[in-house]
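Per TrEMBL, the features are as follows:
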| type | residues | note |
| --- | --- | --- |
| COMPBIAS | A:1-11 | compositional bias 'Polar residues' |
| REGION | A:1-45 | region 'Disordered' |
| COMPBIAS | A:33-43 | compositional bias 'Gly residues' |
| DOMAIN | A:50-184 | domain 'MPN' |
| MOD_RES | A:Ser194 | phosphoserine |
| REGION | A:276-321 | region 'Disordered' |
| COMPBIAS | A:281-300 | compositional bias 'Low complexity' |
Amino acid sequence: MPTAHAQSVPQMASRKEGTGSGGTSSSSATGVVGKGKGKGGSGDSAVKQVQIDGLVVLKIIKHYQEEGQGTEVVQGVLLGLVVEDRLEITNCFPFPQHTEDDADFDEVQYQMEMMRSLRHVNIDHLHVGWYQSTYYGSFVTRALLDSQFSYQHAIEESVVLIYDPIKTAQGSLSLKAYRLTPKLMEVCKEKDFSPEALKKANITFEHMFEEVPIVIKNSHLINVLMWELEKKSAVADKHELLSLASSNHLGKNLQLLMDRVDEMSQDIVKYNTYMRNTSKQQQQKHQYQQRRQQENMQRQSRGEPPLPEEDLSKLFKPPQPPARMDSLLIAGQINTYCQNIKEFTAQNLGKLFMAQALQEYNN
Amino acid sequence: MSRFFTTGSDSESESSLSGEELVTKPVGGNYGKQPLLLSEDEEDTKRVVRSAKDKRFEELTNLIRTIRNAMKIRDVTKCLEEFELLGKAYGKAKSIVDKEGVPRFYIRILADLEDYLNELWEDKEGKKKMNKNNAKALSTLRQKIRKYNRDFESHITNYKQNPEQSADEDAEKNEEDSEGSSDEDEDEDGVSAAAFLKKKAEAPSGESRKFLKKMEDEDEDSEDSEDDEEWDTGSTSSDSDSEEEEGKQTALASRFLKKAPTTEEDKKAAEKKREDKAKKKHDRKSKRLDEEEEDNEGGEWERVRGGVPLVKEKPKMFAKGTEITHAVVIKKLNEILQARGKKGTDRAAQIELLQLLVQIASENNLGEGVIVKIKFNIIASLYDYNPNLATYMKPEMWQKCLDCINELMDILFANPNIFVGENILEESENLQNVDQPLRVRGCILTLVERMDEEFTKIMQNTDPHSQEYVEHLKDEAQVCAIIERVQRYLEEKGTTEEICRVYLRRILHTYYKFDYKAHQRQLTPPEGSSKSEQDQAENEGEDSAVLMERLCKYIYAKDRTDRIRTCAILCHIYHHALHSRWYQARDLMLMSHLQDNIQHADPPVQILYNRTMVQLGICAFRQGLTKDAHNALLDIQSSGRAKELLGQGLLLRSLQERNQEQEKVERRRQVPFHLHINLELLECVYLVSAMLLEIPYMAAHESDARRRMISKQFHHQLRVGERQPLLGPPESMREHVVAASKAMKMGDWKTCHSFIINEKMNGKVWDLFPEADKVRTMLVRKIQEESLRTYLFTYSSVYDSISMETLSDMFELDLPTVHSIISKMIINEELMASLDQPTQTVVMHRTEPTAQQNLALQLAEKLGSLVENNERVFDHKQGTYGGYFRDQKDGYRKNEGYMRRGGYRQQQSQTAY
């Protein structure tokens, strides 16, 4: 899993009175892409919806086309502003790709420079989040969590856009906005990932990230152009959508799922050991206390003073509890995979039935 | 003084004397006639001799004069130089000195010089003033003279006692001389007198010169008599010599002392007493010195003594007149041998001496016993010649050694009545009594074994790619011949143990050679019975297989030491394997159970074991038994240290791990080059067998997560091949195999074939086999078969049915073979198919799960274990009453197993494709 940039978020915190200019004013012809999953935006956050400019989408796609390949991910900064309960993302720029040669490359400096330059050409320069490409939906990672946490910590309404190029290549644009739930934010602030803390926070893998519905908005001019183009394009161009080849994608997903399950297993084994150790120690502690008590009783009967109290925690150091965050993340990732597979197979089954019907009709 | 009375110097003087006389008396010719000559031409001889003597002494006196001058001007450096010259000059004059005794003047200068130096040494002030060179020279000279003077100690003390007296005596002698009376009655006296006189000659006057001449006349006579005496005593032992001399010396001393008081009437009684005392002291001292010297043979005297006995022996061995008997020769032999192993002994000279001794012995017909004995010793000294274990014999030495052993064997064969053996004690040897069997101590087998080791050493130390190596290798035939002779000899006379040992030697020289003759004979079956019979009789001994069989069986039966048997077995297996008798070799290997405990053997045996295993593997490969070949080679190849394990070279990287000593030991273990097994061939055989095994296996288990590797090294090579950014046509053997593997993976046997068998590979590998063509045909067939299997594994899923004829065409195999291969695959459940006999087709059953199904199954398995683990966590929380879950879990598992086995067919029908 490639690392996400855990960059420090620049100083511009929420500045709500942003003077939106450019094409953001027009609000007609919006196409909902992300199938907003009911609970998205259910939190008490001010932002209920993310409105993305077509430009941003194209820029992200272009960025991946140019630099991302295979399991490598590309990342970048989202710029925009908050308007009422909408987060409008009006522009973005990519992070430069890392190479070993320029280890001393200053990212913060780069971001500042970029934003300053963009400001000069009268573009929104407020930092509202970041985007990242993903490989078969494997984005639920510690790095992403940390990164998003630091963003959200600095800029409350920031989101992360996840772009799945593979799904997009299959015919449907896959772009989703996520942010951490307030619960998880609390936990992350505490930096306590022990089982007890997580239990207390009542956090499960389902309540880690929340998806924010996305709206893609284009200017009228662009819409007109789109209409124009649609007329010209042949149906054949959309054949990816009808591709029946499922095995490769499914296999990859299964493979990844399996890897995560393995990790999960290991995690559980680790936890198991911890549990066993704790209980063993508990027993020892108990025995020790009992012995102590008995001795004290004897002493008392002999008229001697009882033994001094000793610090039990020093004698029995409790074993280090394993951090549960990882397993939570893995569970979250497994969940994502499962969702993906479910979605994919559902679509595919539909396609297969359709193909069968076609076949029968032809015969 | 002791120096002059040691045996060595004595004899040396004689030898040089005889040489001198030959020069100085060319007329004399025969030494025995000399007295006659003397009387006839006295004047002439006199002059010549005198000049020789005078020359030496004059030289000495001149040097002494310079030293004295130097002393006067305190030039120590000059002193040192001159002293060194003096020492040399004295050495030259030794022959004369020996006859005459030490010249008095010489002793005086030595004593004076020492005193002078001590004086200088004590004088701290003076020393400080001295310049650096002088100071340095002073200390050196002081040390030198101290050391030097130790030889003359008695003389010097004597001189120091009465320097006056000796001068007086000289004067008296002079008087005597003028009177015309000389001490002719006793030559010793004459010598001493002359010697004493010499001291006077420091400032030679005409008178003294005249006197000297006269004295020397007498000397001449005395010399002769002395010489004769010497020759007589020559053959006796040196000990008696020295004793005699010592006696002489005492006599001389006493005479001198006796004489002194008589001639010097005016000397006081007290003085006389003192002299008596001095004499006693001196006697004691000289005696002690003699003893000391005898004890001290290994000490600092050695430098002088070392070479001396050798030189001494030479003339004595040729000595005229002495009757050369066994006792004398043996005694001489022992004398020579005594010097053996000592620090300063000249080993080359010793060998020469022994050879001379043999010559003498044979010239005098002393019988074979003595000669055998001396020969034994010659060979032993030849082996001794190199003190260092790592260095090897020089070629000439080696040749000598071989010749000598051959001669020895000749003698032993010619004289069956000679018994040799280690167990014969020196005392019980019988060297001369011809009536009884001759008994000689010595072990021919040990010598031959040692010779063999030397041969190995020579081969190890020669550059294997040089002509020299070939030259050395030619000696191998000789070595073998010798071993064979010893074997024949021991078969008659030796114990079983010895026979085993010599058999092992023979085996070690036979096992690695491919018997081309026998091979040829096998190929061409006998035509005519009469001719073949003759052939057989002729070839019986030559057929190495028969020979090995015979020798090894004897060892198996008779040997009691485990090591010889182990080696014999290994060699036997190696030999079998080399000649493609795979089953015999394998059975022998398995029967011997060597694999179980070979790790306890010593490294050379382990190396032999490794070699044998490798040869076994190669043999299996030639037979087309790839699996066996792979298994046999796996251990050697997987370590990546084949070179080291086979004793064919040291690995560089482990250099820092081992120290110098270990490296030397390892170097000694190396197998000589002509025994090497070609490492590239070995690797190629291994890789090709791995390929033939691994590629079909990989194809069959492509989607199996728990697939294990058959050969790690092969996989490594594949990976290396994959990593190459640009894949050119294969160059090395490995690249060829990798390229072939890739072709085979696709079932493309023709490409595979062209990669494995082509010009390059033929040159590198295949032509090295004795039956290259057979191996190649086998290989082609193997490639075809395995490619067919791979093809079926890989592509069976895309076929509903496939005609066997098509397959047979594709892989150029005949139909029955294809049929049998497919049947085998079906039986082994490798291929889910059935054969349709009438149409000769293979009908696929499609029971193989697809990739997704496989993945899903794996996922299910993993989830199972996840659930299990999860339940355990639950157990902890709930206590230990999780029995219910466990039961359920088992059920779940069973269900899973059921699914895995039979579930596909149903599953498949459900899943629409």
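Even glycines carry a Cβ here, placed using N, Cα and C.
Just so you know, TrEMBL annotations never went through curation; they're auto-generated.
Note that the coordinates shown come from a computational prediction; the quantities given were computed from them, not determined experimentally.
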Outside the compositional bias 'Low complexity' (A:281-300), six or more residues from its ends: residues with CB under 8 Å to it: 306-307, 312, 315-316, 318-319
Query: Non-local Cβ contacts of the residue listed as 'phosphoserine' (under 8 Å, 6 or more apart, same chain)?
result: A:Pro321, A:Ala323, A:Arg324
- request: Kindly report the helix/strand/coil residue split of the compositional bias 'Low complexity' (A:281-300) according to DSSP, in that order.
  value: 20 helix, 0 strand, 0 coil
Statement: DSSP puts the residues of the domain 'MPN' (A:50-184) at 49 helix, 40 strand, 46 coil
Within the predicted model, mean pLDDT of the domain 'MPN' (A:50-184): 83
